[in-house]
Each structure stands twice: as structure tokens, then as C-alpha cells.
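Written below as C-alpha cells is the structure these notes are about.
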Amino acid sequence: MDETKLLNYLKGESDAEECLEVEAWYHASAEHKKQLDQLYYMLFVGERKVAMDGVDTENSLSVLKDRIKQKESEKKSVHRIRVSKWKRYAMPLAAFLCGLLVSAGALYWISSGKSAGYVFATESGQRAQAVLPDGTKVWLNASTQIVYKPSFWKRERQVDLSGEAYFEVSRNKTKPFVVNSNDVRTCVLGTKFNVRARPSEEKVVTTY
């Protein structure tokens, strides 16, 4: 599939018809899944570097696309790498690079179970700031955990929250931003709000 379509999909710029086309292509084969996963992580790294030090995004994407093409050509002469093997290396790499955007606390990857995904976490007495793949800024209070999955760029931008955090959400009319906390689902398109959802407390408090 044309890489421009894939990039538009990952950046949330595709219309409904194109989204369905890309998703059908994605699920058609393991090779397609690997290609989109590669592009996702490389786009993610490029955009996050811009947030850190002003690197030219278009130039970064151009270089990264060249790397993908090189990898694809290399596959013709070597045995195909399984998707699981790619993810074994790509996910820790993405997590490491993403960790550059965490002012404190910890970032790690959970690979199994319902909570599988990237995790930002703070300990007691610790606070941290993080930036999500869409540019949304999050300030984590003490003893807080946020989880988001690689499918973050799909129809909704979802995170799971346990603790308390302030969100400055990057606006996207086509992809709502959702915070799941206990049994409460907070859904916005782009705004600033605080969510307190402590396991020891009965209520979830959302303040705009």
C-alpha cells in the first residue's frame, strides 16, 4: 500500500473510507502488520524528537522511510523475520526513546494480559510529566499509573488511569481522547482537565 496513505492514517489525517481501507490491508497479512508497526514506531520517534529538540519532522520521516525500503529489499535475500521477533526489539527501543520525554518516574512495557501496553508510573512522593504519541501532555501526581496501547492511533486515543493526572489534550475532531479510570470513561476531543481515580477512593473526580 502507498506509504502516504499509511502515514496519513497514523497521523489521524485519513477519512473514514481510507481508515477502513488501511485497517483491512493491515489485517490481511503478518507482513502488512509488521510494515505498519515499523512505520508507527518510526513516526512516533520522529515526532517525539521534534517535541524535544526541534528536529525537522519531514526530513526525519524521509530518512526513516528510506530505512524501511532498505529493510524490505534486504528481506528478498534473507529469511523473513517473524513479527514477534520485530516487536521484541522495536517495542523496547520505542519505549527507550519515549522515555526521553518523561521528566521523572518510570516508563516500561507490559507484554501480556489485558493491561498490555506502555506504562508511565510514579511512586509515592514523586511527580512526573510525559508526552503521549499524539502530543498530549500529561502531569502525573504521586502513586499514579497510565497505560496506553500501540493501537493508540486508531479510532479513539485511549489511556487507562489509576491515580491522579492532569491532561492537556491535543485536539483531534475525528479521534476522541478517552481516559478509563475504574468504571468511569471520560471522553474529550481536546481540552485541559484533571482526573482523580485512586483505588482506595470510591469516587472518580474529573475537574475541567
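The backbone N, Cα and C atoms fix where each Cβ goes, glycine too.
Record features, source TrEMBL:
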DOMAIN    120-203  domain 'FecR protein'
TRANSMEM  89-110  transmembrane segment
In the domain 'FecR protein' (120-203), how many residues does DSSP put in helix, strand and coil?
4 helix, 42 strand, 38 coil
Tell me, what is the mean pLDDT of the domain 'FecR protein' (120-203)?
87
